[in-house]
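Visitor: According to TrEMBL, the protein has these features:
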SIGNAL    1-20  signal peptide
BINDING   Cys132, Cys135, His136  heme c binding site
Amino acid sequence: MVGAIGLALSGALIGSVALAQGDPIAARKDNRKQAGAQMKAIKGIIDAKGPASGVVQAAAKLKELQLAFPALFPAGSDKGETKALPVVWSDKAGFAAANKAQDTALDALTAAAGSGDMAKIGEAFGNAAKTCGACHDKFRAK
């Protein structure tokens with residue numbers, strides 16, 4: 001099972017990087033649109049008080065999207081219709097740290113989802129949403 005998940009994630013990452021080479025801005029927008037849909041789905045499950053199994057699937061997809069996200073900002077992709085601020089490229093360490101924080105928050109969400117405890121899921125989801133917002137505050141135009 002772990003091998004299959006790893007293979008699926010690898011395929012998604014390779015596909016995202018290939019797409020980014022063609023139009024990284026479009027790839028970023030698509031990535032975040034998908035991530036937003038997963039966050040909305042998780043919020044709906046939390047509001048409905050379950051089932052946690054749906055959160056497991058959505059959290060896995062979020063993690064897949066997040067792992068691909070940093071590679072969607074190659075040099076020169078700051079021009080065009082993008083909300084990415086120049087600080088993404090000028091503060092690479094800060095951008096990497098923000099992405100790492102989101103990775104960590106999504107790992108916690110995945111663990112909470114696996115526990116089936118909706119209170120833990122709600123707390124982990126709130127933390128993931130906060131790290132998402134913190135990145136937007138610094139690296140994304142309003």
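From the backbone N, Cα and C atoms, a Cβ is placed for every residue, glycine too.
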Visitor: Within the chain of Cys135 (heme c binding site), which residues six or more apart in sequence place their C-beta under 8 angstroms from its C-beta?
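Guide: Residues satisfying the criterion: Ala98, Asn99, Ala101, Gln102.
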Visitor: Setting Cys132, Cys135, His136 aside, what same-chain residues sit with their Cβ within 8 Å of the center of the Cβ atoms that define the heme c site, listed in sequence order?
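Guide: Near the heme c site, the remaining chain residues are Ala98, Gln102, Thr131, Gly133, Ala134, Asp137, Phe139, Arg140.
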Visitor: What number of additional C-beta atoms lies within 10 angstroms of the C-beta atom of Cys132 (heme c binding site)?
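Guide: For Cys132 (heme c binding site), the 10 Å Cβ neighbour count is 21.
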Visitor: So how many other Cβ atoms are close to His136 (heme c binding site), meaning within 10 Å of its Cβ?
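Guide: Other Cβ atoms within 10 Å of His136 (heme c binding site): 15.
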